[in-house]
């Protein structure tokens with residue numbers, strides 16, 4: 001009876017908690033608890049700040065850091081990933097919900113909940129149908145350009161809180177224009193709090209750790225203490241505001257944050273809203289997944305563990321559905337907090353569940369303390385966090401590496417800054433695919449000759465090589481498919497039309513991994529044309545899988561020439577056309593070579 | 001002074017007429033005139049029939065066969081292409097203009113003229129900017145499926161004329177449903193004319209030529225006479241209708257066709273109509289171009305001539321603009337008539353201009369004779385012509401060759417029949433691109449070992465090969481780019497996590513033609529992971545262009561392993577790790593091999 005065993009394995013595949021909970025012991029518990037305490041301290045100010053960035057009430061940031069973490073602990077495969085609100089997804093949420101032009105904050109919050117729900121459904125469906133590979137179509141240049149541009153947009157969007165003014169906009173031009181328009185209303189105290197917090201946080205990043213190390217702390221502890229900088233900033237500025245009554249002098253504060261556990265919420269089932277939020281939810285899902293899975297993979301590899309990307313989709317999907325039913329908004333795995341979680345010693349996803357308990361306690365007990373927290377402090381933590389995302393050197397690196405990649409980076413940055421996150425990332429993806437198709441549609445073709453004294457063939461333009469009069473050998477450096485089939489057809493036709501002494505054309509297929517039906521059709525047309533001109537078409541170094549496929553058509557029966565095992569065999573046979581094929585290594589085209597280079 | 005010469009060459013590039021007109025003589029004139037007479041006879045009934053198919057007045061078919069041919073003679077590069085109305089483009093015109101829901105036949109005709117104008121502009125712009133390669137994204141399976149499905153749709157749409165009833169629809173279900181609904185109104189005389197004409201035309205195709213040959217005619221003449229079948233059918237049925245007064249017995253006739261040369265017309269400059277017609281015009285342009293250029297290339301190669309695809313776009317663009325200003329509708333190069341033109345001995349595009357004179361004479365003098373021409377006769381000529389386009393064997397051929405190609409054919413046929421031409425061809429293109437991206441996103445990766453006694457490496461699953469304990473060599477059979485970079489990263493990670501005795505991984509890059517920035521990023525991530533596991537990453541057989549690119553990044557400095565010229569060098573070095581690199585053929589990774597296999 002194998003069935004229960006299979007069922008168990010299948011259960012474990014879909015509920016990773018069953019795997020790691022079996023070996024859970026006291027040591028693991030201790031490690032997970034320590035990590036949870038550290039991540040909780042880091043996550044509280046971040047959750048509040050990102051909710052502000054998304055344009056939502058501060059408590060929604062806390063709610064998004066409770067149930068989603070529990071859901072991920074059950075369904076996720078990464079042992080160290082810390083799920084919750086993150087900067088880029090918060091920005092995308094603000095853009096998506098902002099586009100709906102809703103009247104009240106309550107409607108705005110309901111739309112964010114719905115967005116999390118749709119995103120959760122999309123992620124789960126992608127995971128169940130194993131469509132995680134779709135995320136691969138977000139190329140590295142597009143992601144890098146998008147993250148950099150998002151960082152700039154986020155930092156700019158937070159400047160209004162630093163100056164204590166109003167400003168609106170979903171692209172850089174709108175934001176900067178709006179800031180300039182309102183700059184006369186700047187509140188000096190707010191500006192002081194904002195600027196000094198930014199300065200403090202930068203110093204914590206760069207200057208505190210060396211100090212702590214000099215004071216004799218262990219590197220890991222110093223690292224973690226340096227990460228608690230935002231908590232200190234929150235405490236000090238909140239206290240200062242309370243003591244000096246700064247809120248009466250125009251400093252915007254968070255105000256009343258409801259005390260208690262997350263409420264039970266339901267997404268709005270409004271078809272019009274769903275259709276407007278679908279594309280934003282899809283983009284949020286894919287961007288969130290790509291970010292999350294890359295950090296999860298990096299951390300897993302450090303311990304020779306593996307994550308299953310399609311199961312990660314289910315884990316993140318469950319987290320987002322959990323966010324939607326508990327007053328949260330879209331979440332994903334965050335880079336910085338996952339690294340902290342990993343460094344602090346988290347061994348299983350239970351650390352995430354313990355973090356959730358920590359945040360829940362904060363929501364139950366600490367929210368009254370947040371009343372006097374200045375918004376400028378939260379804006380400062382966001383600005384310092386996202387400026388580490390901004391990496392304009394990607395532009396110069398891409399320029400140095402490949403102009404095509406540069407085009408994708410530059411377009412994504414430009415369009416994201418100029419037209420907002422959704423246009424930026426969609427155009428980036430389409431451009432990457434378009435440029436890839438364009439590149440493969442014009443493959444490199446080299447005319448090759450024999451390097452004297454060897455069996456090697458090289459480009460006649462780059463090397464001193466021997467050629468045979470009346471014979472042309474072309475090496476094709478790309479798989480042949482519909483987009484480049486006609487290119488090769490034209491290339492060969494134009495090459496042979498110029499040269500009336502030609503009698504043989506050899507296509508060297510060592511780098512051809514695939515010949516689709518369009519390419520087959522093109523080669524048939526080419527063969528007919530060459531036949532009309534009295535030229536024979538040969539092939540060499542055809543790979544096994546390509547040969548298998550060609551044999552299924554009648555093409556190999558139709559060609560006048562032969563299929564040679566190696567280019568050297570072709571050379572020998574065509575140089576000595578009077579030797580019988582058996583002595584020159586030529587395979588019978590109809591039967592196909594038994595040992596085609598594969 | 002080279003400038004006049006360059007200018008002349010450039011003129012000739014853009015006005016091909018300058019090339020061939022220089023050597024035009026009496027012999028060429030005779031050949032062209034003979035071909036023109038034969039094509040004119042063939043084109044008259046076809047032009048009328050295709051106008052009927054497009055839902056336009058019969059004379060527009062004639063008008064579309066006059067000025068467009070002259071324009072092509074000036075700008076086109078093919079010596080034998082015969083331009084004019086064709087079946088598939090006429091069907092697409094009917095679909096595009098039908099979607100506008102216009103009230104009167106005059107508005108309908110104006111929209112068709114506008115469609116030709118937009119299509120002419122699109123083709124010209126594509127040609128001027130040398131964007132002809134875009135047509136390559138129409139894969140062979142999509143075109144074949146589309147043409148077959150269009151043939152079925154066209155034949156079905158003509159059944160109403162054979163039965164003498166009314167029927168409407170742009171997809172097969174609508175058409176068949178509409179035919180069944182109206183079948184009780186069948187006119188028996190019309191049905192008799194239609195069925196007997198169809199039978200006659202089929203007999204002419206299959207049975208007449210052997211008879212003529214048996215009667216001692218030359219094969220070429222017999223062939224051309226057999227092509228004149230439609231003219232005979234038109235003459236006989238028109239005469240019969242006139243003599244027996246069949247039009248009074250319910251046989252639908254063409255009626256009054258205005259006598260005279262084409263009128264000067266202008267497209268409607270209505271922005272709403274332009275935006276509705278743009279996509280249909282784009283599809284018509286690309287489908288027309290693909291059809292036209294493939295027949296032009298086939299015929300040119302027979303005489304070792306060449307055509308310039310981008311100039312062909314200009315030629316077809318000029319033809320369509322000419323159609324728009326002279327009361328015509330979208331035109332392109334037709335397959336059957338071009339072959340007839342070629343076989344009849346046409347030597348230059350002047351044959352097309354002479355054909356235009358022939359059709360102009362017909363429009364001036366013969367139109368009164370067409371008054372009693374039954375529509376059933378024209379429908380019969382269309383049905384017989386398009387049934388030769390229907391080739392359902394493409395389904396079984398594609399199935400045998402590749403399931404991916406089969407999916408593209410089947411989807412295109414199904415969607416064209418079920419949802420009309422525009423949905424069918426658009427979905428086909430998107431599906432082809434999607435399937436190609438999917439295929440390349442999951443490349444074939446083989447673990448290879450040494451075939452004993454050789455320097456060759458083969459798949460360990462397929463061959464008896466030697467391997468080195470602690471060393472894994474993976475051959476990647478695809479260029480690495482964003483869509484498959486992470487696949488390879490995961491593949492290698494999963495392979496090494498299973499095997500804790502591993503110390504070296506070699507990636508054999510003989511079939512990798514490209515490594516884009518995403519793939520580079522992935523390999524850097526992979527390298528870091530392997531480093532964390534204490535495994536070195538090596539490369540072998542990296543091609544010159546790929547090596548050039550990798551050298552522009554710092555990747556080669558970062559890897560722990562080496563880049564080997566050949567896989568055999570890698571094997572030797574890793575089998576004897578204590579030999580110095582100079583004896584094992586290893587190149588210094590930082591400098592890169594001077595002679596990387598390219």
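Any Cβ shown, glycine's included, is placed from N, Cα and C.
What TrEMBL records for A:33-54, A:108-129, A:141-165, A:185-204, A:224-246, A:277-301, A:313-331, A:351-371, A:378-400, A:406-438 is transmembrane segment. Residues or ranges marked as domain 'STAS' in TrEMBL: A:461-574.
Taking DSSP states H, G and I as helix and E and B as strand, the domain 'STAS' (A:461-574) has 53 helix, 21 strand, 40 coil. Using a cut-off of 8 Å between Cβ atoms, the transmembrane segment (A:224-246) and the transmembrane segment (A:313-331) share fewer than three residue pairs, counting only pairs 6 or more apart in sequence. Contact between the transmembrane segment (A:277-301) and the transmembrane segment (A:351-371) is absent: fewer than three CB pairs lie under 8 Å, with pairs separated by 6 or more positions in sequence. With a threshold of 8 Å between CB atoms, the same-chain residues lying at least 6 positions outside the transmembrane segment (A:406-438) that come near it are 91-92, 95-96, 137-139, 141-142, 144-146, 148-150, 152-153, 170-173, 279-280, 283, 287, 394-395, 398-399, 483. Cβ atoms under 8 Å from those of the transmembrane segment (A:313-331) belong to residues 14, 16, 51, 54, 56, 59-60, 63-72, 74-78, 83-86, 89-90, 92-93, 109, 112-117, 119-128, 131-132, 262-267, 281, 284-285, 288-289, 292 of the same chain, restricted to positions at least 6 beyond its ends. Using the rule of three or more Cβ pairs under 8 Å, pairs at least 6 apart in sequence, the transmembrane segment (A:185-204) is in contact with the transmembrane segment (A:141-165). Within the chain carrying the transmembrane segment (A:33-54), a Cβ under 8 angstroms from the stretch's Cβ atoms is held by residues 60-62, 64-65, 82, 84-87, 90-91, 93-94, 97, 112, 154, 157-158, 161, 224, 227-228, 230-231, 233-234, 254, 329, 334, 336-337, 340-341, 344-347, 351-352, 354-355, 357-359, 362, 366, 370, 373, 375, 378-379, 381-382, 385, all 6 or more beyond its ends.
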